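Chemist: Annotations per Swiss-Prot:
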type     : residues : note
TRANSMEM : 34-54    : transmembrane segment
TRANSMEM : 106-126  : transmembrane segment
TRANSMEM : 139-159  : transmembrane segment
TRANSMEM : 178-198  : transmembrane segment
TRANSMEM : 217-237  : transmembrane segment
TRANSMEM : 278-298  : transmembrane segment
TRANSMEM : 313-333  : transmembrane segment
TRANSMEM : 352-372  : transmembrane segment
Amino acid sequence: MTVTALSQLSLPLFMGTTLNAWSDALAGFTPWGLPVGLLIIAAIPLVFIALYALTYGVYGERKISAFMQDRLGPMEVGKWGILQTLADILKLLQKEDIVPLSADKFLFVIGPGVLFVGSFLAFAVLPFSPAFIGASLNVGLFYAVGIVALEVVGILAAGWGSNNKWSLYGAVRSVAQIVSYEIPASIALLCGAMMAGTLDMQKITILQSGELGFAHFYLFQNPIAWLPFLIYFIASLAETNRAPFDIPEAESELVAGYFTEYSGMKFAVIFLAEYGRMFMVSAIISIVFLGGWNSPLPNIGAFELNTWTSGAVWGAFWIIMKGFFFIFVQMWLRWTLPRLRVDQLMYLCWKVLTPFAFVSFVLTALWEIYVP
């Protein structure tokens, strides 16, 4: 689908379904309080989607870990142990919330909150389906990357506020790692934005739609897209502190990293924020390179597979499944690859990924200029 077709046909159809469009339409003839209230009510499903992804990411981690080790994992609480995570939340709610006497109480308390807010706010710009988009921003991709990077503030507050040398070491490692890997990750995403000609995640998704299914996805349209795709996926592992980049939480060196001193629900919030970041980076890579809500199935003759598997409900299904696939790969790698050393981590970022990211940026620009 061309940019002209997008502006003439698709945008009026899709933009009218976003939550902020509903608010703008109501603001013209109602008091300001009603649109705000309706917007909050309409955002409730977004809250449930985010909490569902965060909560059952823990369950998925346990089951996948058990599968890798030829175990069963949680089985007792609910069918197949599906309520185990809820039981753990109830347990953590009853635990004592301990604040070390020597800790900076303000920083110690706000650290987990900043982490969780950073993970949750990024969900607002994710286009889950043609009929459900929290906010369609013309800089949506930039917003998502920036909000996810907000975790640096929470991590540093948690590590410094704990007044514990292991927590501080873990926080410094994590901040250095995240800030470093933001560079190749951002350049890789710019390659996707260059192919689409926009930073609006909704438009990026629409431009990858078509009856040929996966053939319209940028990963298959442009052979160069495989390079930024792999660069962003590797960098996203480092940004989410997943193996083999889980150096900030190295148990044998730092006990538990920057959240060593946390207990009760503060510990749970930090844990949930990590799974929120995992889903967020997985959703971003699905939107930019794999068509987001678009069905990968093509229309083949009389079998209109793409037509049958498109729409609001199917759109949400596809983007969630694509996101869960990358989450599965992240969990799989945890039990496959050994942890890197700090020097190896930085070498990979500055000497390998960053140069290749610049190369992919130049190649993508040349492809967009000279290949019709």
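Cβ from N, Cα, C; glycine included.
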Chemist: Tally Cβ pairs under 8 Å between the transmembrane segment (106-126) and each listed stretch (178-198, 278-298, 313-333), then give the stretch with the top tally.
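Modeler: Highest pair count goes to 278-298.
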Chemist: Which sequence positions outside the transmembrane segment (313-333), separated from its termini by at least 6 residues, show Cβ-Cβ distances below 8 Å to it?
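Modeler: Hits for the transmembrane segment (313-333): 53, 57, 60-61, 64-65, 68, 126-132, 233, 237, 240, 242-244, 278-279, 281-283, 285-287, 290-296.
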